């Protein structure tokens, strides 16, 4: 035995000795707890809570708290956790993974650490892989928690936000992994604090933890909305509008390739889109469409910045090589604006509003633990990614299952013939059989062959969780034959029917090896629960996917030497099993490397997401004036604009700064180049900033009180942040696709992604601050539109345009016949005619 292996075994033994010592201390309270009346036992919960508030740690409370749960489970459920279950509970409380075999009572084991951690009052999430298991476990184990005075909630996808909020406020919340993730993302998209449903993430206990944190690690949770045809129409409308403009209607800053509408252009936009003010807060999305249409038409040049392919696709031209960049798209909606400009089909895309992987979702919990019967093979990944140890827990009774040596056949046909013959023989003697397959297609194929052989059976393809649990529960009855994909029915025990033990227990037949040893072990673990007899047998063929991809030359050469005329010949040897296991290890290594790379990429977004979400949450929960934050954004925007021209010709620089000031800060006629000539950059910055502060104060003076000001500030920031963040996610996704090709140029794609992703994030922050500045300076604020602004903060751009109010009915007593657009409205509202009754006229 190698020194490393010996050390691992010794470490496991040492850990088990520590756990056993704690378990014995828990057991020492058994007689005392049994002597308590129901009332006195239930009174332990408020006592523990008070002791925790007084400074005792959960570790100090553990022995007594675990003992209370054991006794409560005995009285309520008629179940009494064994010592090994106590040991498993301690491992869970420590934030690790106890590897407990199938049938060893993981669900009951979880009650002890869940109860203990719920005493802190910060919420415990019990995570399952489907809603059936969440509902089942919450109903069954919830009886114990409720009896002990703790509240239990079930978070289901169909529940309303109010119902979800109530579930999350419970001491213990049962939910699926996906629903917890989606709720987290949705909470970071709301505008009001009262619309959030989750509390801060405290302790998660994940059932079937390997399935959630390993198998699904590469699958991101994505909240997205398809870009509707209405939105595509807005690209076209914006394009049609900018094509009507004259050169005086927009101002181009050539060095920075930026463009904006002049005052005359703004007037035309308001008339074209029938708006009172283009820069009102609810029109943030529309200004984005117009800005992109301006860039597409007057800055982006055909055959220089892009080309149109024969298929009508817009292809970006690499400015360094002159080659087209297949698969890349301009971000921020610019690509769609160019498609509208060139009259080609606007590609409908789903817009990702938020996304997160399970890896990063569950790493946000203060403490994370999980249960499974098969995790040791993924020990390195659990340790490196989640900082969780795998602690194998002894079974309560010795395992009596017989695991037969694998059987290898030359062809799929000969293998399936052997499987059907084995199933038939066992069916005829009454022994229940569970046939495990890797794919649904294999399940259907075997089912067809069993029908031909006259063998009644059930087929389970993991499509209906409620039905599958019932089928799996009956799979241990005499004469039962069940076909299931490997993951189907996971989490439900197979109990043996009457007389089945004498027949050898449940026989599990694997029709091929999965690429993961862990999945094979899960299938085997269906049989032989809690010391029951059982058997497992795997059938393989050289035509299996795993063998074709990773089968060794030794196996193939051995079969070549055999009589090829007899395809039913079978190989049965330990050497074969070792070779297959070696192939599985290679696949597992490849998969781990892939997941690790996914995590490296996602960590870039994680860091950025945490910054955006933290700032967003700060805005939502703020009960203070957000003026200092907005003023800081205005200051940085002005500084960036002035610095961008510091190295250009002074006259050109002054002209460009004046252009920026007119389009983004002050009324066009109130500033000119003459006013800024002779000033240094710092003096120009101060002058523009002081002018901006005057406009800022004037804007806020239009709102009636501090509550109205705070609401306006919040909606202003949140709308712009959400728009820019959504666009940034798309841009990062495109960047990730692009950098993958750079590996061929000896560049590390991950490093390239990190570097460019950081620069893009900085650019996004600048864009957010610019839009906040421009909207704050240019918006026409009306107190009566405050509630409307909040409503618009959660709608799409298309809905924004459609929802515009057209204006009040005409006052028949007023004379509108000779009123020009920019004249004061005759109704004496104080507004320009175009912004009042003229809206309907035009």
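All positions are counted from 1 along the displayed chain.
Every residue, even glycine, has its Cβ placed from backbone N, Cα and C.
The structure displayed is predicted, hence computed values, not measured ones.
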Let me know which member of 406, 422, 444, 493 Swiss-Prot also records as binding ATP at the site of 85, 103, 104, 105, 106, 107.
493
Are there any residues at least 6 positions away along the chain from residue 493 (ATP binding site) with a Cβ closer than 8 Å to its Cβ? List them or say none.
102, 103, 473, 529
Inside 8 A of the center formed by the CB atoms of 85, 103, 104, 105, 106, 107, 493, which other residues of the chain have their CB, for the recorded ATP site?
100, 102, 108, 109
Under DSSP, is residue 493 (ATP binding site) part of a helix or a strand, or is it coil?
coil
Considering all pairs of residues in 85, 103, 104, 105, 106, 107, 493, annotated in the record as contacting ATP, what is the maximal C-alpha distance expressed in whole angstrom?
17
